[in-house]
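Step one of this worksheet: look at the structure below.
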């Protein structure tokens, strides 16, 4: 026993570690027709629906506004690439004479509701379970989408902002509750690719939403733009009902899951004991450097990502002088690259972990470095490409594509530190990261206001690159892939062992290591035989 303990010392802290290499404890369920893959697929669709609801207003509002009525002068364009021909968009004007400032309030109203519910839902999901908060929240979001056209026409700006605010409240549970469900359903050695698959739904939803919303605005029913909210409202409602019916809180609550798969998941996550988690250790979390590493990485990513997502179309129009018609399609290319790369790199990350080539901590830092240094360096390079449109677009596409590494980096790292409090940690980091993201368009807007020159845009890109690199470096210094001591199984109320029979006493079963107390320590089957 002393030999085994010394052998494991480099892989645990205070006798506790989250297992990711327990493949030999039980026969691993084969094939894709497994319950955890179905849960992953449903969460992917939920994330896609969430981002559709989040982004469709930015497309719809273009068709809703009467641009002729609010036009006060010629649009300011940079003349440093004046040889470019800017095509005229001959689209029809909408029915609302909303100024640019009013449009900004309308677009931001959703995010105020979204941000303020992050931490409360993280706490509630921890106490009462994540499933129903996620399902019912998205159902509210979807149902209120049907009210958007009515609110805009009957209630004006205030009515529309109120409906969008409620939609944001409904979408608030999506990230913390998704994280909490991943912690209960996905074994650690599958988290990189499963987590990336789920969160890549954000890019998938954006890629689907933008062109489809444009088509509906032009050719849809009920006046065009209202059909955007009716169509996506139906899709979201169907998903929400299906999610509430067919998905369950955890493997133990699922009535039809294969027993082998249930045992595989539970043993991989908790060892051979099913444990009940203690109250959230607020003080310990607030003192945890690995937690702050994730927080700063998340905030840096959101600032850089929002800079690219909100300002790239403007840069392409004002400086590179792409036509309005080609702008939307070309602006979506970087996010298509991000989606594809996130899928590819997640498989590499899980392979590095399961093959023991790198530790969990090293893998998270390597992949996250690609995800944050890549776009940072690309932004610096793009600021020096001048009027070369093809080169600029290629560099930015590569940079945003590499950003997909964050899903197998810091974005899934909450589950490594604390599988039982992962949803709460994600609620905190996502809330503060979204607040940081709101600063990006404000900073960019002030810098390029009335003077959209290459020099001013270079400052915008340099600030975002600096934030990416600094926050990525902080993560590399203080980040960790180890389960933290404050997620301590000693504080759990122990339930009967999954493998124990009535009247059988297992003093040191696989997954439990006697170290002077009864703290469960997960180990591999090969180590247990030594």
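In case you wondered, yes, glycine gets a Cβ from its N, Cα and C as well.
Of the given residue ranges 73-92, 133-152, 153-172, TrEMBL assigns the label transmembrane segment to 133-152. The feature transmembrane segment, as given by TrEMBL for the ranges 456-478, 479-501, 502-524, sits at 456-478. If one looks beyond the transmembrane segment (456-478) by at least 6 residues along the same chain, the residues whose Cβ comes under 8 Å of a Cβ in the stretch are 289-290, 292-294, 296-297, 299-301, 303-304, 307-308, 311, 315, 319, 365, 368-369, 371-373, 375-377, 379-380, 382-384, 409-410, 440, 443-444, 447-448. Counting Cβ pairs closer than 8 Å and at least 6 residues apart in sequence, the transmembrane segment (390-410) and the transmembrane segment (196-216) reach three or more and so form a contact.
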